[in-house]
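Some features that TrEMBL has for this protein:
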- C:10-417: domain 'TRAP C4-dicarboxylate transport system permease DctM subunit' (DOMAIN)
- C:56-82: transmembrane segment (TRANSMEM)
- C:94-124: transmembrane segment (TRANSMEM)
- C:136-160: transmembrane segment (TRANSMEM)
- C:166-186: transmembrane segment (TRANSMEM)
- C:218-239: transmembrane segment (TRANSMEM)
- C:245-264: transmembrane segment (TRANSMEM)
- C:276-298: transmembrane segment (TRANSMEM)
- C:318-335: transmembrane segment (TRANSMEM)
- C:340-356: transmembrane segment (TRANSMEM)
- C:362-385: transmembrane segment (TRANSMEM)
- C:397-419: transmembrane segment (TRANSMEM)
Amino acid sequence: MDTFSKYLLTGLICLVALGQFVQVVTRYLLQIPVMGLEETMLYPTIWLYILGAVNASREDTHIRANVLEIAIKTERGHTVLAIIGEIISLTVGLWLLSWAWEYTQYAWRVWKESPTLYLPTFYSEVALVAGLGLMMLYTAVHLFRHINALRAGAAK
Amino acid sequence: ADLKMSHVRPQDTTIDKELRAFATQVTEATGGDVSINIFPASALGDYTTVQERISVGAIDMATQPAAAAADRRMQISSFPYLANNWDEARKIYGPDGPVRNVMAELYAKQDITMLAAYPVYFGGIALNTDPVSPGDPSQSNGIKVRVPGIKSFQLTGEALGYIPSPIPFSEAFTAIQTGVVDGVIGSGAEGYYASFRDVTKAYVPANTHFEVWYMIISNGSLAELDAEDQEALKTAAADFEAQRWTVAEEDQGKWEQRLSEELGAKIVDLSDDELSAMAAKVREDVWPVVLEDVGADWGQGILDQIGK
Amino acid sequence: MIEIALLAIAVLVLTLTLGVPLPYCFGAALMIMYFLGDVTMKGMMLWGSQQLGNPVLLAIPLFVLAGTIMSASGIAASLLNFVNAFIGHIRGGLGVVAAVSCAIIGAISGSGLTGIAAIGPLLIPEMEKRGYPREYATALIANSSILGLLIPPSVTMIVYGWVTDTSILACFLATLGPGLLIMFNFSAMNLWMSRKFDLVLDDTPSFSQLAGDVAKKGFNATPALLMPVIILGGIYGGIMTPTEAAALSVIYALPVGFFIYKGLKWNSFLDAGKEAATAVGAIMVMILFSMILSQMFVYEGIPQQMVSAIFEITENKVLLLIFINILLFLVGMVVNDVTAIILIAPLLLPLMQAIGVTPVQFAAIMGVNTAMGGVTPPYASILYLGARIGNVKVTKVIPPAMILILTGYVPVVFLTSLWPDLSLFLPRFFGY
Ligand code: NA
Ligand code: NA
């Protein structure tokens, strides 16, 4: 999974860099900008953002301000705090997911197209619901992990 | 009811003032039942997003260009060189004009009611460099111009002899200022004055397209008003449009004059022959492609009504 | 409605304090606006995700990736050696090297983390060997690392320009003056502090030795030194948009890292890509939901209500600026830079314009304050990363860091607010 995500994310980010690079080269050196490149790059860009966020959930490296964690000294305290955090994340995240689902249904129904090449934009729009879904899955995994740690701690 | 209306220009611009006057009129006509809150400068999102949000009923109203993402046929509204002068424009886009009627139908498919058309200007080309044979579309002039990411504008730029470069609007000003490109296609004198005034050294009034905005309202928001208020709103909108048609041409001249007098921009004087040559070239190069995109039969049907 | 908005912000701060990941903190605030304030969520996901599609934002992952590659590849080490050749032998010189190297790295990377990540592992042990206390060395490099956000390119300025519709190039230039001033403050402060350290110094080299060393290390550093030239020259010279320059910096850094400095290996390259993508993903979902919250505020006219509420207290410009700096300092203590800008900039810009502060000067005010937020506890992401890299306890780094913040940042924060020319001189010079 780790290797897979490395290749996937590095591939996406390099693809995006390459797309921008091609735009400079064609405009500046060849004087013939590629039409529709920008709208094509939207797909890897959005998926890069969303899958990057999913990976942050997987690795549990989302940005957080661990203010209270510094004040709490015990291992058990940290685990309880983490459980509270994950429960809030899960509640809020599922609510957001329901709105992302609404958005996806809308995108499916309207089936928008990009302005020059008429590519269906649904394939980038669906990233949000997919990403939030996976993020919730990983959040749930972390929640169970913390609960197990708390149980194991209590059993000792 | 408390309605939110978005538009794309900054506060205190012509359209902003006209819309505020419209809002006041609506409040008076409905005896205070309906108040319209104006959100200038795309504060609620750019026009493509706003149109979608109106379609789902998240925003009530807007006065803005038509966005073709949900229905590519909406491109008919900014079809290049459809109208050649203000009289033709009024016949095509004004009350009961063929394009306006078909746009109302297309909006209806997105749960949106069109209340009025708002003629803005004929489009032109703003340059931050000296024009190179601006009246002759038969050869390339080597000038790189920013075009919006819309196919018909890109093709039009090319047909008129420029090197079109699709750069997002958010980066366009900087791109011209630093010299990544030397001009812009896709707007008109007023638009260039609003967004590109510091980088406009010359203006080519090539009449590339007729810019028309539409005052639209979400069907859901409209349905919440009682019949009387709906009628008052529609009447006010019709007045708003009628008023605009009387001043639009003069307004366009005024903005060209401001470009020239306030900024010292050179306004290129194109002869009728030059304008016809440009129109002919674009019709020949661009129309077949764009017609194909919107559906050749459907598009030709509208062109037939216009007599083109 | 303003009460509901304040409640939403309170919930945001509360969940933040509990250690909930930032995207969900914003989600919790959205829930307050939705359930208690009755603001529609309809179409908000659509709006938010279309904001993410803005190509301007694409510069962020690319500048971050350029920074990550730089730390992995030895590009940073060559810069460090070069700067060291000039002043390494002077008493306190190594500390100055830290500040100046971070500034140069800042001209390549758009993030405040690159400096500490790239030169912390090299310079902290070296400084300790030469007699600087380890926690002081860590604090100094972490503080200097933030110059990455003040010296263009800068992620925070891209975000500021994007949310307030201000020229990003002008914003870049606005923080450059204050950034250089902070670099100067740190250097001066370091020279003064090092009087008390028991330092091991190299013999002062003869002029010819010095010249030879500078020439040799300068030659080595040339491919690295070309990076800022390409990026900033490309942007201000009219060849590329900032996003394209960011892409080019990545494309350029790859062969330089793989074949010239050879520090970049296939695996470290993959790691760099994954790390940058993950960091950016975390930023982007946070941006998504904070933009939605910000849009709800606009939708309900909260910024205008805030301006009138504040004007009822005072309309005195100096007082308001001091008040805003204190507010931003408090915000910076608990929130990260990008978040602070997305939330605060649209709320306060109308107020700033009402008291005659231009959007470009406000960019500098926000830029300096939010950069400082990276090292002010309790939430001091850059300082904590520094502590991890320097392998010292957070509590040990905080005292020297506070001295540097008070002497290096705080004066510049007030200067930036009260002396507009400091931030406006360069943008004006370039015609913005
Ligand atoms: Na930087
Ligand atoms: Na902080």
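Cβ atoms are placed via backbone N, Cα and C, with glycine included.
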Looking only at the domain 'TRAP C4-dicarboxylate transport system permease DctM subunit' (C:10-417), what is the mean pLDDT?
87
Give residue numbers and ranges for long-range contacts of the transmembrane segment (C:397-419): same chain, 6 or more residues beyond its ends, CB-CB under 8 A.
133, 135-136, 138-140, 142-143, 178, 181-182, 185-186, 189, 193, 318, 321-322, 324-325, 329, 361, 364-365, 368-369, 372, 375-377, 380, 383, 386-387, 390
Please report, as numbers and ranges, the same-chain residues at least 6 past the borders of the transmembrane segment (C:245-264) whose CB is under 8 Å from any CB of it.
58-60, 62-63, 65-66, 69-70, 72-75, 77-78, 108, 110, 153, 223-224, 226-227, 230-232, 234-235, 272
Listed stretches C:276-298, C:318-335, C:340-356, C:362-385 vs the transmembrane segment (C:136-160), most Cβ pairs under 8 Å: range C:362-385
Do the transmembrane segment (C:362-385) and the transmembrane segment (C:276-298) share at least 3 Cβ pairs under 8 Å, sequence separation 6 or more?
no
Between the transmembrane segment (C:218-239) and the transmembrane segment (C:276-298), are there three or more C-beta pairs closer than 8 Å, counting only pairs 6 or more apart along the chain?
no
Mind checking which residues reach the transmembrane segment (C:56-82)? Cβ under 8 Å, same chain, six or more beyond either end.
97, 101, 104-105, 108-111, 113-114, 117-119, 122-123, 148, 153, 155, 158-159, 161-162, 168, 214, 217-218, 220-221, 223-225, 227, 242-243, 245-247, 249-250, 253-254, 256-258, 261-264, 268-269, 271-273, 275-277, 279-280, 283-284, 287
